[in-house]
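Asker: Please read through the structure below; I'll follow up with questions.
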Amino acid sequence: MTPKLLENPLRIGLRQDKVPEPQILVIFGATGDLTQRKLVPAIYEMHLERRLPPELTIVGVARRDWSDDYFREHLRQGVEQFGGGIQAEEVWNTFAQGLFFAPGNIDDPQFYQTLRDRLANLDELRGTRGNRTFYLSVAPRFFGEAAKQLGAAGMLADPAKTRLVVEKPFGRDLSSAQVLNAILQNVCRESQIYRIDHYLGKETVQNLLVFRFANAIFEPLWNRQYIDHVQITVAETVGLEGRAGYYETAGALRDMVQNHLMQLFSLTAMEPPNSLGADGIRNEKVKVVQATRLADIDDLSLSAVRGQYKAGWMNGRSVPAYRDEEGADPQSFTPTYVAMKLLVDNWRWQGVPFYLRTGKRMPKKVTEIAIQFKTVPHLMFQSATQKVNSPNVLVLRIQPNEGVSLRFEVKTPGSSQRTRSVDMDFRYDTAFGSPTQEAYSRLLVDCMLGDQTLFTRADEVEASWRVVTPLLESWDDPRQAAGISFYEAGTWEPAEAEQLINRDGRRWRRL
């Protein structure tokens, strides 16, 4: 098979996308899983597709005393195991010439002086013109320290040439998020800060804005007059996966709801932006989150449910309870499941509930946004399968099988006027003949191009934390620990989560 880099783009009809300027990508925490499993495989894939400058240079930073050659071999294994493979040895060799390693401690000022000098030398060697992207793929407690040290060493001084990428979580509550934002904004401008949430790199998430605002048939229906409610689901089949140290201090509310689910929510509920520029879109996301609240502040049990998985069965094998996982507290009350009901106080959404849920050890891995429309005001037809007609449902599938489906009623064959529900289905891989790209691919290119559209702004982070703050304050209180519910691994949710939506006369979608 001909490697992508060696193909003639004119012959295969490719449009050449804008390529970032030559630059150095400095990855802090480069020996971690994210770099080997996600970042570098995505970068190499883009290298094959000619979407990155040939001068692109990657410098890995970590405490381990690795050589450049060892680092290159480590990343090669990642591309082979987690990416699309090397494809052509000469292509990999060219790419690997731009991979370097810089051992050092994140809190050592002298290391940053050494790093600055080495980057300057690489500018001369590789022709990267002083352009820098610093990617903080480290434990959250090191975000502030790394930013301070980079600022003190003068490596963030040029807003036109330097960028700082921060992985989630952005704080662990409103107060810590404000502190982190203050530190970041003290050493560089907001225009240099890229708070990355990989969900925003997924095709269906990006397509949500196009779907809403480029199709005249949907946006006029996108309001309280036609929509009954919205369900947003992020279900995972995995357990802790060796992350007990982090997860014990986070839980599902901090790990998933405040970032991933709130991002999906804001894109679904936002008003049309005045432009497709970064701030045009982000301004509207902030506005809708600021107008959002829990359904009942006085009685939080009517707004949200937390759960933790017990021992159960997944794919025919027994799996342990959360408390029995390696590294977990045997008496832990950390939630692995959250369901919540949000309301938006504006004209478009007044009275329309948004139900959000996420959990670990669910029966299947699925992420979707389901828009359920109101039923017809007068029923003239009889359903062939049930007493009432099913409502129309528009589903945006984020993963797996990214795509969009619309459920509607049709007449069954024969002389009767009975109806049944059918789905009109669109899938990216079928329609475009190839699977969607890795989420990090789009985000990394956008960052290098200086496009902040798919990255979270400081005020949006703080607005999201404000929405969930009442739950954090209650659930973090040891006196409220007994309020957690339990569900068996391999099942969808605790009974209390069913009650949360059933008391409104609705039910969770079957997935």
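From the backbone N, Cα and C atoms, a Cβ is placed for every residue, glycine too.
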Asker: Suppose a student reads Swiss-Prot and sees HIS198, LYS202, GLU236, LYS360, LYS365 listed for substrate. Which of ASP173, ASP255, ASP345 should they find annotated at that same site?
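Answerer: Candidate in the recorded substrate site: ASP255.
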Asker: Counting only other Cβ atoms and using a 10 Å cut-off, which of the recorded positions ARG63, HIS198, LYS202, HIS260 scores lowest?
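Answerer: Fewest other Cβ atoms within 10 Å, among the recorded positions ARG63, HIS198, LYS202, HIS260, is found for ARG63.
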Asker: Tell me, how many other CB atoms lie within 10 A of the CB of LYS168 (NADP(+) binding site), whichever protein chain they belong to?
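Answerer: Within a 10 Å radius of the Cβ of LYS168 (NADP(+) binding site) lie 20 other Cβ atoms.
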Asker: For the binding-site residues listed here (LYS360, LYS365), tell me which residue's CB has the most neighbouring CB atoms inside 10 Å.
Answerer: LYS360
Asker: With DSSP assignments reduced to helix, strand and coil, which class does LYS365 (substrate binding site) get?
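Answerer: Coil, per DSSP.
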Asker: Highest Cβ count within 10 Å among the binding-site residues GLU236, ASP255: which residue is it?
Answerer: ASP255
